[in-house]
């Protein structure tokens, strides 16, 4: 029969002599043409060769060769987009690691609020690393035969990618739960919740991932686990993510409501414009922390608004870690004050070291020091001792 074949666009499964294989059009054609449910066919000939696809891609998938939005244009578009989100994730990783070092280095920042921030930072870092790893394993080699691509390493890369996304969403949820807890329960000791938060933030994604991996192995162990999933496998991952996004959105609305009430009660008859400015600032600060922007496409099918989805989930999402580090570490007045104090301390220490070294050199190079050294040399020189001895003998 005919072996599996990758024609650069579609993977054709193994077939026997004379068998006609029918496969759907590639998904990216559907995104270009908005035509769904089209199929291609190929025949495995008696000479063990695959026939040309019929109807041709241009006819079967509704693609016009004269269109300006061809596969090459689409490829260059996605290549440019890859550069954007790679730059975004690189900026996020750099800023998040720096923020982690700042929070870990100063004991003043060792508190429950910052511990939760640090775990969220780690989840963003893992997400960026997972994206880089997946791109390197699956898409680094353009000549790779995606029909035969079903190695342990590529499956592990995809599983790690899914875990990092789950962990990121769960820690965004924990940030929301913790903030609401602080607003509602003013006098509660938040230290008692730390371990529950840590257990939930990392334990829940681990449990979901184990279920997904086992289901994949036993029900859909195909390719690199990055292909279209059936209903059960898809919802094992998508269900918890949608749940966290929905809960976080409800918490976000509730937190905004609490902030409106607190601002009104604090300022009493203050101007409405002042209320609005403070509320707007609080809202803009909370959006990246809660991941509210994910609610836009959370309940739509994957094929809905692909271009807008790419901009929001990849373009803006890749910079989310950078924005979170900027807002909750580098723009924090307490952090800036502590860093300024540490910088002044280092500068003062450098000044003390410089003045001490300068004084030491000054003493060593002073004329008095030279006279003292010469007198000591003269006093203990061999000639001096001999002359003293001779004078002593003469006197005897």
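Glycine too: its Cβ is placed from the backbone N, Cα and C atoms.
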- Item | Feature transmembrane segment in TrEMBL, mapped to one of the ranges 193-215, 354-376 | 193-215
- Item | transmembrane segment range according to TrEMBL, out of 312-331, 332-351 | 312-331
- Item | Candidates 118-140, 193-215, 235-259; stretch with most C-beta pairs under 8 Å toward the transmembrane segment (87-106) | 118-140
- Task: Decide whether the stretches the transmembrane segment (118-140) and the transmembrane segment (235-259) have at least 3 CB pairs under 8 angstroms, with pairs required to be 6 or more apart in sequence.
- Result: no
- Note on the structure: Under 8 Å Cβ-Cβ from the transmembrane segment (193-215), and at least six residues away from its ends along the same chain, one finds 112, 115-116, 119, 123, 159, 162-163, 166-167, 170-171, 174, 177-178, 181, 232-233, 236-237, 240
- Item | Beyond the flanks of the transmembrane segment (160-186) by at least 6 residues, Cβ under 8 Å | 112-113, 116-117, 119-120, 123-124, 126-127, 129-131, 133-134, 193, 197, 200-202, 204-206, 208-209, 212, 237, 240-241, 244-245, 247-248, 251-252, 254-255, 258-259, 262, 286, 289-291, 294
